[in-house]
Amino acid sequence: MQQLKVAMLTAFSHLSRLLVNLYIIKQIAMTQGPEGLGLLGNFMTLVTIAATLAGGGISAGIIKYISEYTGSLYRQFRFAGSAFLFTTFCALLTLLLGLLFSKQLTAYVFLNQDYRGYIYFFLLAQIFISFNNYAYGLTNGFRNNTAYAVLVIVGNLLAAILASYLIPRYGFLGAIVAITAPILCPFIPVIYYALSKRFWRYLRFDSVKQDSVLLSKFSLMLLFSTVCFPIVEMYIRNKIIHLMGIETAGFWQAITKLSAAYLSFYSLFLSFYFVPIVSPKQDNQSLVREVNKMILFIGGLFLAMMIFFFYCKNLIITLVYTDKFLAINHLFLWQMLGDFFRVIGWVVGFVVVAKAATKLYILGEILQGALFILLCTIELHYSASLSAVILSYVGTAFLYCVMVLTLFYYFFRNKRATLVMEM
C-alpha cells in the first residue's frame, strides 16, 4: 500500500510539472502568438538543456551510486560530498564560460544583441537549477521518494503562480522568467528541506577525485544527449526563421514542445523504473527478455496515445495553444510517428546508460544529430516547408531506431555484449 501511495505521489509530481509547462506555453501562445513562440523557441531549448545538464548533469549518477552504496552510510555521504563539489564546480564554470561568450550565445539564441540581459539572467538561474538537480538526485538515491515528489509539487505550484502574474503583465520579459520558473522555483522548498534536515553536516570530502571520475562519465553522456539534439534543433529553428519566417518557427516550436511534454513521461519512466531493472543484470538472455517486454509495453502505450490524439487532436491543440495552431494539426500526427520510433530506440539507449557505456552512448547521440541535419538539409533544398522538417525528423527517428535495435539484438544474442559495452 505504501509503495502504491509513493508511486501515485511521484506520478502526480511529474504530471504537475507537465501541466505547469503546458500552462506557460498556453499563456505565451495567447499573449505572444506563433511569432512569440518562434522568438522564444531557442531560449526554451536552452532552459531544457539546463534542466538536465545544470551542475554537470549528474542526477542519474547520484541516484545510481547512492543506491549502490546502500548499507554503507559513510560511503554514501562521501559520494554526496564529492557530488556537491562537482555540482558547484560545473555551475561556476558554466557561469564563467557563459559570461565570456555571452555575445555569441545571445546572437545564436535570440538572433539579436538587444536580448543579452536575458542571457545573464539565465546564467545566474542555472546556478540554482544545478543545486535543484543535486538535491533531486540525493532524495531519489536515498529513496526519499515522498520528499522528492512533495518538493516537485510545491515548486511547480510556485511556478504556476509566478507565471500567472508575470506573463500577462510583463509580456516578453515575463515569459522569459516564466519559462525558467518550473525548474527554478523548486530551489525554495529544496533549501528549506535541506536546512530542516541539517544534511550538510554529514557530507564528507575525502574521495572527491575518485568519485569525480565516476560522475564525469554521466556528465559526458548527458552533455551529448542533452546538448547535441537541442543544438541541432536550434540550428534548424534558425534555418526555418531564415527560409520561412518567425511565425513558421513558432508553429514548429508548438509541435516540438507538445512532443517534449509527453516524451518526458516516457524518459522518466525508463530512468526510474527500467534502468534499476537492467543495471544489475549480467546475463544476456535475461537482458534481452527485459528489453523485449519493455518495447512491447512502451510501444503499445504510445500507439494507444496516438490513436487517442488522432480522434481528439483539434480539442487538444486548442486546449494547449489557441485555434491559430489548428492549421498544422496534421503535422502533430507526423511528429508523433517520429516520437514513436524515438521512444522504441530509447529502450536500448537506456540499457547503454544503465551499463555506463559512455563512448557508445556519445557516438549514438552524435549520429542522431548529424542524421537529422543531413535529412533536413536535403528536404529543405527541395521543399522549403515545415512538413519537410517534420518528415526529416520521422526519417531520422526511424533509421536510428532500426539501427540500434539491429545492433542490440546482433551483439546480445551472439554474446558479444561485453565487447560493445567496454567502448
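Sequential numbering from 1, following the chain as shown.
Cβ coordinates come from backbone N, Cα and C, glycine included.
Listed features, source TrEMBL:
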type     : residues : note
TRANSMEM : 7-25     : transmembrane segment
TRANSMEM : 45-67    : transmembrane segment
TRANSMEM : 79-101   : transmembrane segment
TRANSMEM : 117-136  : transmembrane segment
TRANSMEM : 148-167  : transmembrane segment
TRANSMEM : 173-195  : transmembrane segment
TRANSMEM : 215-236  : transmembrane segment
TRANSMEM : 260-279  : transmembrane segment
TRANSMEM : 291-311  : transmembrane segment
TRANSMEM : 331-353  : transmembrane segment
TRANSMEM : 360-384  : transmembrane segment
TRANSMEM : 390-412  : transmembrane segment
Request  = For the transmembrane segment (45-67) and the transmembrane segment (260-279), decide whether they are in contact, meaning at least 3 CB pairs lie under 8 A, counting pairs 6 or more apart in sequence.
outcome  = yes
Request  = Quickly jot the same-chain residues contacting the transmembrane segment (260-279) by Cβ under 8 Å, restricted to those at least six beyond its ends, or write none.
outcome  = 10, 14, 17-18, 21-22, 48, 60, 64, 67, 140, 287, 290-291, 294, 298, 302, 305, 339, 342-343, 346-347, 350-351, 353-355
Remark   = Outside the transmembrane segment (79-101), at least 6 residues beyond either end, the same-chain residues with a Cβ under 8 Å of its Cβ set are 54-56, 58, 61-62, 65-66, 69, 119-120, 122-124, 126-127, 130-131, 133-134, 137-138, 202-208, 210-212, 215, 219
Cβ-based contact of the transmembrane segment (173-195) with the transmembrane segment (331-353), 3 or more pairs under 8 Å = no
Query = By a Cβ-Cβ criterion of under 8 Å, what residues six or more beyond either terminus of the transmembrane segment (148-167) are in contact with it?
reply = 6, 9-10, 12-14, 16-17, 19-20, 23-24, 27-28, 31, 132, 135-136, 139-140, 173-175, 177-178, 181-182, 184-190, 193
